[in-house]
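As given in TrEMBL:
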type	residues	note
BINDING	HIS73, GLY114, HIS115, SER116, GLY146, SER147, ASN174, TYR285, GLU366	thiamine diphosphate binding site
BINDING	ASP145, ASN174	Mg(2+) binding site
DOMAIN	315-479	domain 'Transketolase-like pyrimidine-binding'
Amino acid sequence: MSFLEKINSPADLKRLSPSELPMLAAEIRKFIVEVVSKNGGHLAPSLGTVELSIALHYVFNSPEDKIIWDVGHQAYTHKLLTGRRDRFDTLRRHGGISGFTRMSESPYDAFTVGHSSTSISAGVGIACARCLKKEKSKVIAVIGDGSMTAGLAYEGLNQAGDRGKDLIVILNDNDMSISPNVGALSSFLSRTFSAKKMQSLRKEIGDFLKSLPKIGDDIYQLAKRSEESFMTFVTPGMLFEAFNFEYFGPINGHRLSHLINILNNIKELREPVLLHVTTKKGKGYLPAERNPVHFHGVGCFNIETGECPDSSTVPTYTKVFGEAMVRLAEENKKLVAITAAMPEGTGLTNFAETYPDRFFDVGIAEQHGVTFAAGMAAEGFRPVVAIYSTFLQRAYDQILHDVCIERLPVVFALDRGGIVGEDGPTHQGLFDLSYLRSLPNMVIMAPKDENELCKMLVTALGHDGPIAFRYPRGIGTGVDIEENIVPVPVGKGEILRHGDDILILAVGSSVNDALDAHSQLTEQGISATVVNSRFVKPLDSELICSLARKIPRMITVEENVRDGGFGSAVLECLCDQGVTNFQLERIGIPDTFVEHGPQKFLRSKYGIDAPAIADAARKLLGSEK
Ligand SMILES: Cc1ncc(C[n+]2csc(CCOP(=O)(O)OP(=O)(O)O)c2C)c(N)n1
Ligand SMILES: CC(=O)[C@@H](O)[C@H](O)COP(=O)(O)O
Ligand SMILES: [Mg+2]
């Protein structure tokens, strides 16, 4: 029996001797690689935290002690040690265990995560609650260096430090976000200051030391002797100590004995503590160590070679968007691109290489990214903020307050709109049409295919106000991309098929499903009009109302929650225009969170695909057909 097979809970782990733990770590790594090679998942982050997870569960008493994993994409070992080994092969599969931590999945998952940088705030909340309940157990937040680039993390530190909370924050520093980490903080943590910064720090610290009565000058002379000794005065700890945290580290996060010793020591402290741990992303699996960006979140791959099976030759929406950005930036010198720590995910790596001065990776800071874009727009630039639909939720007030009120021309390119699949409810992009629609001055589009995506980008760049377009995760329809991209007229839809029995109004990627449904219906003798609405705001009310008067049986289709979405907009429009004699079926996601699973499967399960549209049409027509 392997060590791993003996472990059904942290209590079993504690039965192993310290000398057995490295062997357990090796088994865990092998198992994680095996499962992720079949199911896909966040391999490199999870391989980096094997020893840290073992040490945490060896020293602390979860679930009484609360271990909160930030993002949760590095928690695979935690799952294996907390009773989920037998189900681990269902990772990210529909009905199987989640790729992140979920309170509803296990009592050992102290908090539900997926979006980054929440762990410290949640930890402070839990610690305060424990205090009120007079409970003594420990609260530990494990946060990565990338996640530390978000303002939210500092809001948590600020409160914890001020209140002197009994909270342990473990900074898992691998010098990487998904891509290499960015920002001044990242160079502070790794102590890779620029020469200029070093000079100014030298001066500031020198002056400070010299000002100390009696001993100051001696310490200064000592510190001056070498760069290295100088650097000992400039530690990442300074930052956290300013927040009243007791700082320890940096320590090697792959040395189990060391980790266990230090965790045993800090466990006894009753104040805010920050332990800085350095780890390697992808540790122990060479392809992932060599290419941590690719193996951050990966699909199936061959374990021997690290290679993924041949992917489709049809480009993804993301790729088409990225290429269009590079092309358009050549003629439009005002075009700048902004990403929040997702240059690869949003297809902007080529842009970054071609136009480094016009590319801005703000780190995991969606709120800042949007206000930063507003600042650039106020100065006459055309910022394109490329953020996943789900992550833009963070920046709602910035869109409203900093962009929409003054009608600043910021373009929002919302990738991963709709069902994203295996990442599950934290990541589905199912709310954007609803959450953007209520904002005055906002224009919202969704392309039917990747060629229309390019047209919408051109439309957006020519529009004098806030404008968003959202497009799905994954490959496009395979249409050719026109050489000369012309804009679409704002607020105008297009009729794609003519028919008298039923009116199907679709938006975005659902247009294709509507066309497939049209073909199925035609075979059954049902004739349908299919409209590509293109715009959710402003709606083409003229077209919609005139068609509704002629064909009063209607279906709206969207890959968005029904509440407040495209179908709701159509209903409001009909009502406002006095069109009353109609039957309308709104196809979209019901009022629920959509779990993880394959995109195609979930579209079918939630009844938003072509067969569901055809079914709805037949039902509306009832016995007539
Ligand atoms: C609000 C938000 N924005 C973006 C992301 C996408 N994202 C997931 S993990 C990650 C990098 C996190 O880096 P770090 O915390 O250092 O963890 P590591 O992957 O290095 O272990 C990013 C940008 C997210 N999950 N949440
Ligand atoms: C954990 C996280 O938030 C990201 O890694 C996300 O899973 C990326 O999603 P894509 O795979 O769609 O780029
Ligand atoms: Mg990191």
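Each Cβ is built from the backbone N, Cα and C atoms, and glycine gets one as well.
Those TrEMBL annotations? Automatic predictions, nothing curated.
All features noted in TrEMBL, drawn onto the structure.
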| residue | record | Cβ neighbours (10 Å) |
| --- | --- | --- |
| HIS73 | thiamine diphosphate binding site | 25 |
| HIS115 | thiamine diphosphate binding site | 20 |
| ASP145 | Mg(2+) binding site | 23 |
| GLY146 | thiamine diphosphate binding site | 29 |
| ASN174 | thiamine diphosphate binding site | 23 |
| GLU366 | thiamine diphosphate binding site | 29 |
DSSP three-state assignment for GLU366 (thiamine diphosphate binding site): helix
Where the C-beta lies under 6 angstroms from ligand 2, the matching binding-site residues among HIS73, ASP145, GLY146, ASN174: HIS73
Cβ under 6 Å from ligand 3: qualifying binding-site residues of HIS73, HIS115, GLU366: none
Most distant Cα pair in Å, residues HIS73, GLY114, HIS115, SER116, GLY146, SER147, ASN174, TYR285, GLU366 binding thiamine diphosphate: 32
